[in-house]
Each structure stands twice: as structure tokens, then as C-alpha cells.
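Notes to accompany the following structure.
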Amino acid sequence: MGNLCSNKKKEKTNEKIRNNNIGKQLTTEQVQSENEVKLLLLGAGDSGKSTIGKQLRIIHQLDFTKTERMKAIDQIKNNIVHCSRVLIEGLENFGYEFETEKNEALSEEIKICKISEFDDRVEDLISIWNDEGIKKVLNRKNEIQLYDSCEYLFENIKRFTDENYIPTDQDILMTRVRTSGLIETRFNYEQTEFLLFDVGGQRSERKKWIHCFQNVTAIIFVASMSEYDQMLFEDRTKNRMTEALMLFGEICNSRWFTDTAIILFLNKRDLFEKKIQKVDLNICFEDYEGGCNYENGSEFMKNTFISLNNVENRQIYTHYTCATDTNNIKHVFEDVTDFILSNTLRDVGQN
């Protein structure tokens with residue numbers, strides 16, 4: 001219990017530091033410069049918003065540096081070890097057993113495995129992944145805090161240990177790295193300079209810096225469609241969809257953004273399409289009556305988000321996205337940037 005309280009206190013301190021760093025990074029000149037179209041990317045944790053930021057670099061040929069790619073190797077390995085530990089914990093909490101005594105013994109070693117030992121542990125990690133007990137846990141993965149990319153990472157695990165391995169763009173997209181502070185991405189479209197701000201998922205002190213973005217051209221809010229039956233990592237009693245709706249409502253109706261265009265990305269549509277065939281949306285929304293149907297479910301979810309907007313005469317522009325699909329994000333962003341440019345020109349003509 002003491003460790004749990006200590007960890008929560010430490011996380012709260014770290015969050016305060018991150019928020020202070022965001023405030024230091026921002027300047028009025030940075031956000032209010034008139035020769036750029038400024039976009040603010042927001043969303044709850046694990047929504048996929050930072051993956052969208054990475055996609056923009058790929059789409060606009062802003063290649064990842066060699067240093068970034070080499071750094072991603074340890075991040076990928078760390079993701080795999082993390083997923084293994086989450087699965088082992090799930091097996092123990094659900095009361096399942098490992099298929100073999102060997103895997104049971106290996107699980108104890110993996111719990112304390114260091115990233116530096118990863119290459120020597122690959123066969124052990126694969127053995128745990130293929131265990132029948134772990135497969136039972138995967139059938140209940142909505143009840144544990146497992147990365148969506150887990151299956152991809154294990155399918156490619158041996159490739160990651162090749163001595164000549166360099167992470168591909170797709171590997172980097174599938175790697176979970178928590179956004180800390182402020183990440184800026186600049187790109188050019190139709191001879192116009194765009195500046196995208198990706199801000200970490202900080203919650204408690206957002207009010208201290210959110211006003212710095214009041215003059216952005218548009219906000220892109222990313223919400224995961226597939227997490228309607230999952231709980232927050234930081235609060236196991238709160239539904240992730242409920243959190244996303246609450247955050248969207250706060251941003252949508254903030255006094256700082258009453259004149260700002262809001263673009264909603266309902267993300268992870270591929271995972272949602274698979275999940276809704278087995279898990280009815282009414283597990284989260286009691287008034288949903290559309291059954292296990294993708295079209296009904298996605299339309300209901302879109303309308304639920306849009307209904308939270310209280311700003312008169314504002315239209316919420318919605319897109320269904322898959323952040324790990326480069327072609328999908330490319331087409332969506334072409335639509336978004338065309339929309340933003342046309343509205344910017346219209347506003348200029350009215351002034």
C-alpha cells in the first residue's frame with residue numbers, strides 16, 4: 001500500500017514538472033505568429049494522437065533521424081517487456097495457470113528482466129507469449145492495460161534482435177512512447193506553413209497553460225473508439241470513453257476556444273470494428289440500441305461527442321481514423337488542411 005501511495009505521489013510530482021516545462025516552452029510569439037496555420041492536437045492518453053503526429057512526419061517526408069531510430073530500438077524492447085509483465089500479472093489476477101512449470105519459472109525472471117538482457121531473453125518471451133494460459137488472458141485484454149500494438153511487436157520480435165536491425169517507420173508508429181511536454185511538427189501544404197502542437201496528456205494543471213493556445217487556427221481532438229469497455233491506467237474505476245468525452249466537453253466549451261474550429265478524429269476505427277461485433281456499445285452507453293453493428297455504433301459515438309458542444313453556430317468536423325495506417329491519415333489530413341485553408345481564406349475575405 002505504501003508503494004502504491006508513493007508511486008501516485010511521484011507521478012503527481014512528475015506531472016507537475018511536465019506541465020511547468022510546457023509553460024516554459026510556450027511563448028506568445030510562438031503561438032501568435034501570423035504567417036503560420038497553427039493546429040493543436042489534444043486527446044486522452046492512449047488515444048493515438050501522438051501516432052498521428054508521427055504520421056505527419058512520414059507523410060511530409062520529415063524523416064526520422066538516425067538517432068531517433070536507434071533510440072526506438074530500446075523503446076520497442078521496453079514495450080515488449082512491459083506487455084509481457086502486464087500479461088503475466090493478468091494471468092495471476094485472473095487465477096489462470098501457465099501451461100508448463102518452465103513458463104511459470106520464466107515468468108518470475110521476466111518480471112525483473114532488464115532491457116539490456118532482452119536479446120538473451122527473446123526465446124523466453126516467445127515461450128510466455130505462446131502459453132495457453134496467456135492466450136486466455138488475451139481473450140480478456142480489455143480488462144488489463146495492454147498496448148494495442150502488443151501482437152505486432154511479438155510477431156516481429158526476432159527481427160528486432162538482428163544485429164543490423166534499424167526500426168522502420170511502421171515499427172516507430174507501433175511503439176508506445178508517452179508524450180512528455182510539447183512536441184512541434186512543421187510541414188508545408190499548398191504553399192502554406194503549418195505548425196502542429198502535440199501536448200502530453202496532462203490533466204490536473206492544463207488550465208495553467210491552455211490559454212497560450214487560444215489563437216490556434218483549429219483543434220484536432222483525438223478519441224479512441226475502441227476503448228468503451230476499458231478503464232484508465234491511472235484510475236481503474238473510470239471508463240476511458242467517459243474520460244475522453246469529459247475532456248472533449250471541457251475543450252469544446254472552453255472560453256479560450258469559442259471561435260476555434262474543432263476537428264474530431266474518432267480513432268482506432270479498425271479495432272472498434274472488430275470489437276463491436278463481440279462487445280455491445282451499450283456496455284458504456286445505456287441508451288444505445290444499435291446492436292453489434294459498426295455503422296450504428298460509429299454514428300452513435302459521433303453524435304454523442306458532437307452533442308457536448310454548447311457553442312452556438314459551431315460545427316464539429318468529424319473523421320474516422322486509423323492512426324497506424326499512413327494512407328488513411330494522409331487522405332484525412334488532406335481533407336482537414338483543405339478545409340482549414342478554405343475557412344482561413346473565407347475569414348480573411350470577411351475582414
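Counting begins at 1 with the first residue displayed.
Using N, Cα and C of the backbone, Cβ positions are placed for all residues, glycine too.
For reference, TrEMBL has these:
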- Ser50, Thr179: Mg(2+) binding site (BINDING)
- 148-149, 173-179, 198-202, 267-270, Ala323: GTP binding site (BINDING)
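Cα spacing between Val177 (GTP binding site) and Ser50 (Mg(2+) binding site): 9 Å, rounded to the nearest whole number.
Nearest by CA distance to Thr179 (Mg(2+) binding site), out of the binding-site residues Asp148, Asp198, Ala323, is Asp198. In this structure, of the binding-site residues Met174, Val177, the smallest number of CB atoms within 10 A of the CB marks Val177. Cβ neighbours of Asp148 (GTP binding site) (same chain, under 8 Å, six or more residues apart in sequence): Asp46, Ser226, Lys268, Leu271.
For Lys268 (GTP binding site), the count of additional Cβ atoms within 10 Å of its Cβ stands at 26 [all protein chains shown]. Of the listed binding-site residues, namely Ser50, Thr179, the sparsest Cβ surroundings within 10 Å are found at Thr179. In this structure, the CA atom of Ser50 (Mg(2+) binding site) is 7 Å away from the CA atom of Asp198 (GTP binding site). Annotation note: Met174 (GTP binding site) sits in a coil segment as assigned by DSSP. Ala323 (GTP binding site): 26 other CB atoms within 10 A of its CB, across all protein chains.
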